[in-house]
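Asker: Not my notes, these are from TrEMBL:
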DOMAIN    115-405  domain 'Sugar phosphate transporter'
REGION    76-96  region 'Disordered'
TRANSMEM  117-134  transmembrane segment
TRANSMEM  146-166  transmembrane segment
TRANSMEM  178-201  transmembrane segment
TRANSMEM  232-250  transmembrane segment
TRANSMEM  257-276  transmembrane segment
TRANSMEM  292-311  transmembrane segment
TRANSMEM  331-347  transmembrane segment
Amino acid sequence: MFTLNLIPSTPITFSKSTHQYFPIKRIQTPKNLAESPVFLTKSTPLNFNKIHACPFGKIQALSTKTTHLGKILENPSRKAGSHVPKAAASSESNPEGEAESVEAAAAAKSKAKTLQLALVFGFWYFQNIVFNIYNKKALNVFPFPWLLASFQLFAGSIWMLVLWSLKLQPCPKITKPFIIALLGPALFHTIGHISACVSFSKVAVSFTHVIKSSEPVFSVVFSSFLGDTYPLKVWLSILPIVLGCSLAAITEVSFNFQGLWGALISNVGFVLRNIYSKRSLQNFKEVNGLNLYGWISIISLFYLFPVAVLVEGSQWVQGYQQAIQTVGKASTFYIWVLLSGIFYHLYNQSSYQALDEISPLTFSVGNTMKRVVVIVSTVLVFRNPVRPLNALGSGIAILGTFLYSQATAKKVSAPEKKS
């Protein structure tokens, strides 16, 4: 029995009504008014049929206050706390469950990021391999690197103009100071690109890439002349690069001085492009890497094509006829040239996108591994003979490039930690 002793001197008993608000149905006079009220104890069974000691004037207020209690009693199967609003229940959720959900979301985000980087690196490597293969095929039957290099810049320029016109890529605001600032980087880019194409036309692709892996040596030397300082680890890391490239050059089957000098000059051109870009484009940081490379390609085309006409323009017609006779089908030759032009721009575009997504250290390591993948792929496709010492020299040079990327990354991260 559940009893309330509000006014002990006036005990009155009310029977439970079937109505949810418990209105007064009948007032019963207790048989024994002298009976002392019974209070709720642990041993007392719960019985809500009678409520004792409630004065008549307060019954309606009591019935209103007990409305919610009646609803609960009408459905005893409800779990405790089930009448709490959902918002309150959610605010009192289990902290451990929230922590697990946060960890699961972080893990899912990390997996998505890893997948995205894998796709970026995969496209970057694939496009680079395709470019090197079809560029070499075209040069084997049409040994005019100046025209082919010009077409590759032309293809990249058309690609960027299409992206800008269709608004697939936001076009940067073009101003006279911006164009003037691009003249220097575009000139050095032109030198680096045409020199690499000349090297590709004279020696095996694998040898060109081994020599081009010595680019960090030129970067350290030129930057030091301009006032930059490097720790001892950086200088030690370029020693295996020099040793490996020298060993690879001595033992290269397809060795050619024009090919060697072309690769070395290409390194100089690209290093000066990077150094000059940092100095001349500091006021144009709002232009992203892809748009910057697009405008460099356009300006480089204006630099290169007139010189290409002067250097080898008189031989293009005869060389084209010989290329068609060698290949057998003009369409096959066109496809080779077209693929070399498109994938030249695409692999550079992917490299800029990768650099936007990852740290410079990861990019350097990825670039080193890219050379390994390209060297192995071209050796397998063109079946170039590789001597054991040549392979050893190539491996030492690639290892030195990796060590250089590690050393320079630590050099860059040190000032960031201090700041």
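Every residue gets a Cβ built from N, Cα and C, even glycine.
Any TrEMBL annotation is an automated prediction that lacks curation.
A quick note: this is a predicted structure, and the numbers were derived from the prediction, not measured.
Tell me about the setting of these features in this model.
Answerer: Long-range Cβ contacts of the transmembrane segment (117-134) within its own chain (Cβ-Cβ under 8 Å, at least 6 residues beyond either end) map to 200, 205, 209, 335-337, 339-340, 343-344, 346-347, 350-351, 353-354, 357-358, 366, 370, 373-374, 377-378, 381.
The list of residues near the transmembrane segment (178-201) in space but at least 6 beyond its ends in sequence, with Cβ under 8 angstroms from a Cβ of it, reads 132, 135-136, 139, 143-146, 148-149, 152-153, 172, 208, 211-212, 258-263, 265-270, 272-273, 276-277, 280-281, 283-284, 287, 292, 295-297, 299-300, 303-304.
Note on the transmembrane segment (257-276): residues 184-185, 188-193, 195-203, 207-208, 211-212, 214-215, 217-219, 222-223, 226, 249 of its chain, located 6 or more positions outside it, place their CB under 8 angstroms from a CB of the stretch.
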Asker: Give me the stretch from 232-250, 292-311, 331-347 with the greatest number of Cβ pairs under 8 Å to the transmembrane segment (146-166).
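Answerer: Most Cβ pairs under 8 Å with the transmembrane segment (146-166) come from 292-311.
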Asker: How about long-range neighbours of the transmembrane segment (292-311): same chain, 6 or more residues beyond its ends, C-beta under 8 Å?
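Answerer: The answer is 146-147, 149-150, 153-154, 156-157, 159-160, 163-164, 169, 172, 179, 182-183, 185-187, 189-190, 193-194, 277, 281, 284, 345, 348-349, 352.
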